[in-house]
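As given in Swiss-Prot:
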- 1-23: topological domain 'Cytoplasmic' (TOPO_DOM)
- 24-44: transmembrane segment (TRANSMEM)
- 45-78: topological domain 'Extracellular' (TOPO_DOM)
- 79-99: transmembrane segment (TRANSMEM)
- 100-116: topological domain 'Cytoplasmic' (TOPO_DOM)
- 117-137: transmembrane segment (TRANSMEM)
- 138-161: topological domain 'Extracellular' (TOPO_DOM)
- 162-182: transmembrane segment (TRANSMEM)
- 183-188: topological domain 'Cytoplasmic' (TOPO_DOM)
Amino acid sequence: MEGVESKEREVMVAKPVAVVGVCDLLLRLLAFTVTLVAAIVIAVDKQTKLVPIQLSDSFPPLNVPLTAKWHQMSAFVYFLVTNAIACTYAAMSLLLALVNRGKSKGLWTLIAVLDTFMVALLFSGNGAAAAVGILGYKGNSHVNWNKVCNVFGKFCDQMAASIGVSLIGSLAFLLLVVIPVVRLHRRT
């Protein structure tokens with residue numbers, strides 16, 4: 001009977017670890033997918049509109065084509081780069097997780113530190129892009145900055161979608177950091 005009990009314990013201990021391993025892989029796959037989508041959505045974000053410019057009251061308005069592009073604002077460039085870095089890291093860590101399968105604890109420590117770095121990186125990129133996006137949406141009357149989303153609606157909507165998708169990636173990386181901490185806390 002003693003041998004049967006020890007086998008049951010082994011199975012019970014191994015099952016949560018296997019579930020966590022699958023959860024880890026799925027979160028890494030999710031982080032990879034959504035950061036890739038966010039980077040692609042912002043990289044193709046561009047809109048051209050004819051904007052009437054009034055030079056003088058005595059002249060009719062002059063329609064000038066203006067183009068809104070993601071690379072015209074440094075916050076959007078930073079946002080794209082952070083998502084590209086996080087996407088690349090997610091792909092590499094997913095491959096390492098598949099190859100390693102818990103063999104090297106030193107590697108998992110490094111991955112945990114880099115996961116934490118990705119959380120900070122993505123949230124900072126999301127915050128920067130969201131701040132500029134809100135300025136574009138509402139403007140700032142105190143410094144006489146006009147809103148632009150009423151003119152470049154598609155551009156702003158696509159940027160907002162990219163930020164929302166990237167936030168899902170941020171949360172996936174956050175869960176990759178929190179789940180092992182909770183698991184470690186339960187063991188002690």
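Numbering starts at 1 and runs along the chain as displayed.
Heads up, the Cβ atoms here are built off N, Cα and C, so glycines get one too.
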Mind checking which residues of the chain, 6+ beyond the ends of the transmembrane segment (162-182), have their Cβ under 8 Å from one of its Cβ atoms? 20, 23-24, 27-28, 30-31, 34-35, 37-38, 41-42, 45, 79, 83, 86, 90, 112, 115-116, 118-119, 122-123, 125-126, 129-130, 133
Which sequence-distant residues neighbour the topological domain 'Extracellular' (138-161)? Criterion: at least 6 residues beyond either end, Cβ under 8 Å. 41-42, 45-47, 49, 51, 66, 68, 70, 76, 129
Short question: which residues 6 or more past the ends of the topological domain 'Extracellular' (45-78) have a Cβ under 8 Å from it? 124-125, 128-129, 131-132, 148, 151-152, 154-155, 158-159, 162
Would you mind splitting the topological domain 'Extracellular' (138-161) into helix, strand and coil residue counts from DSSP? 10 helix, 2 strand, 12 coil
